[in-house]
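Just below is one structure, and these are the notes that go with it.
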């Protein structure tokens, strides 16, 4: 019961519009990553500026609760935004709400840098307020970008295209480190100051108050540059045909942007919709897709505990491992420079290559195997760091290698595939919502990392960092086993994967009378795995 507009999308050759869609959706993820991770480069500066206590004899430091809220409120907002915009993407259409997320991101990134008040409390409250709503806009990008890319792409390259959109997160992380590094270098050259051990007061340059604001506000620039092109994108053919029931408009839109001829087949739409008329909370949905939803939610939850713990606690781990100087041997802006430089190098050599390895190999190896390999290798390297901590802490090159490899296999692994799979496994009418559920589970895991794991690393205590690494190794190992709840999607149409084409899916096949299961699709699934 295939519709020609859907079959044409699945078999369309790769064209310039596919590349354009990757860039448009990918710039959203570039912005998302920059906004979420740039806070790590300046959070210690905030402590020196607003929480210096002369009686301690140490540089100012954000209190644990304040530190967790500054770095974590954007993640809380992201979780809320994922659920809201994911649901709206299925109810109103992907395009109608796609531009709204960018408007929120631009406004709140600028306002984050304008956080006001005359006391440390007022500055932190306004900063957390705007970063919550920044996260809300960022959250909307997850389900919408993934769904739009999956519904535009052909089945031969769909995984690579979705992974390429997500790979822009790696570019955003690199730019978060690079921008902070370059700006702090400029400030450092113009506003000289002694290190803290030489002069407790003068080591904190007041100009640093402009530095952190500029770093946060720059996150608005790529979102502004992308807005016009997002508004020019047509609604996806699958949403227009299947949800709105307008095959003629879907055929016209896709024929225009993909330069292909498509027959509308309006008479088949009603039959197609009737065969898939079940709601998200129905027994039919859970019979067909329940295991997959549990699989995508659990693996993303477990992955983000480790991934966000790694990224947001780097600033605490680097000095403990000797990768940057101790806080008393730096001035305020120099600490930003050294922290962001270390983040930049780790991201460039470990994080960034992993994303693009996934893009190049996902259609060859498959999502399932990449996710299994990634979880296992992350667990292995974190376990080695934890068990051999007394050795690696005194050999910083060994630590940097092992730590970088955990980033590599996070991205050539579950950090990419947990984004791709929810965009492929579920029916069109609930695809955005199911992706939102999965992504929101991930952000719940990120909050465990921020409010839980980060409490073990914030004081630079080596025993606590060792404990954190061992906990993360166990978390990743559980993610390895939860991966068996999902299935391979490589080389199959979205309708075949979800069973929308009227065929038997993995969980709806009825055995023949003699009890033997004879499913060509099921055999092909197993072979690809």
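The count begins at 1 with the first shown residue.
Every residue, even glycine, has its Cβ placed from backbone N, Cα and C.
Those TrEMBL annotations? Automatic predictions, nothing curated.
Because the structure is a prediction, the values reported are computed rather than measured.
According to TrEMBL, the protein carries these features:
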type	residues	note
TRANSMEM	21-46	transmembrane segment
DOMAIN	21-491	domain 'Major facilitator superfamily (MFS) profile'
TRANSMEM	66-85	transmembrane segment
TRANSMEM	97-116	transmembrane segment
TRANSMEM	160-187	transmembrane segment
TRANSMEM	210-229	transmembrane segment
TRANSMEM	342-362	transmembrane segment
TRANSMEM	368-386	transmembrane segment
TRANSMEM	398-416	transmembrane segment
TRANSMEM	436-456	transmembrane segment
TRANSMEM	468-486	transmembrane segment
REGION	495-529	region 'Disordered'
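In this chain, the transmembrane segment (66-85) lies in contact with the transmembrane segment (97-116); the count of Cβ pairs under 8 Å, excluding pairs fewer than 6 apart in sequence, is at least 3. Residues of the same chain lying 6 or more positions beyond the ends of the transmembrane segment (342-362) and with a Cβ under 8 Å from any Cβ of it are 37, 40-41, 159-160, 163-164, 166-167, 169-171, 173-174, 176-178, 180-181, 314-315, 318, 323-324, 370, 400, 403-413, 415-417, 420, 490. Tertiary neighbourhood of the transmembrane segment (210-229): same-chain residues 20, 24, 27-28, 30-31, 34-35, 38-39, 41-42, 45-46, 49, 99, 102-103, 105-107, 109-110, 112-115, 134, 179-180, 183-184, 187, 333, 336, selected by CB-CB distance under 8 Å and a gap of 6+ residues from either end. In this chain, the transmembrane segment (160-187) lies in contact with the transmembrane segment (21-46); the count of Cβ pairs under 8 Å, excluding pairs fewer than 6 apart in sequence, is at least 3. Away from its own ends, the transmembrane segment (468-486) comes close to residues 291-292, 294-296, 298-299, 302-303, 305-306, 309-310, 313, 367-368, 371-372, 375-376, 378-380, 382-383, 385-387, 389, 414, 421, 425, 453, 456-457 of its chain (Cβ-Cβ under 8 Å, at least six residues beyond either end). Panel annotation: around the transmembrane segment (436-456), residues 64, 67-68, 71-72, 75-76, 78-79, 82-83, 85-87, 89, 139, 142-143, 293, 296-298, 300-309, 312-313, 316, 418-419, 421-422, 464-465, 467-468, 471-472 of the same chain, lying at least six beyond its termini, place a Cβ under 8 Å from a Cβ of the stretch. If one looks beyond the transmembrane segment (66-85) by at least 6 residues along the same chain, the residues whose Cβ comes under 8 Å of a Cβ in the stretch are 35-36, 39-40, 43, 46-47, 51, 97, 100-101, 104, 124, 127-129, 131-144, 308, 312, 436-437, 439-440, 443-444, 446-447, 450-451, 454-455, 458. When averaged over the domain 'Major facilitator superfamily (MFS) profile' (21-491), pLDDT in the model lands at 88.
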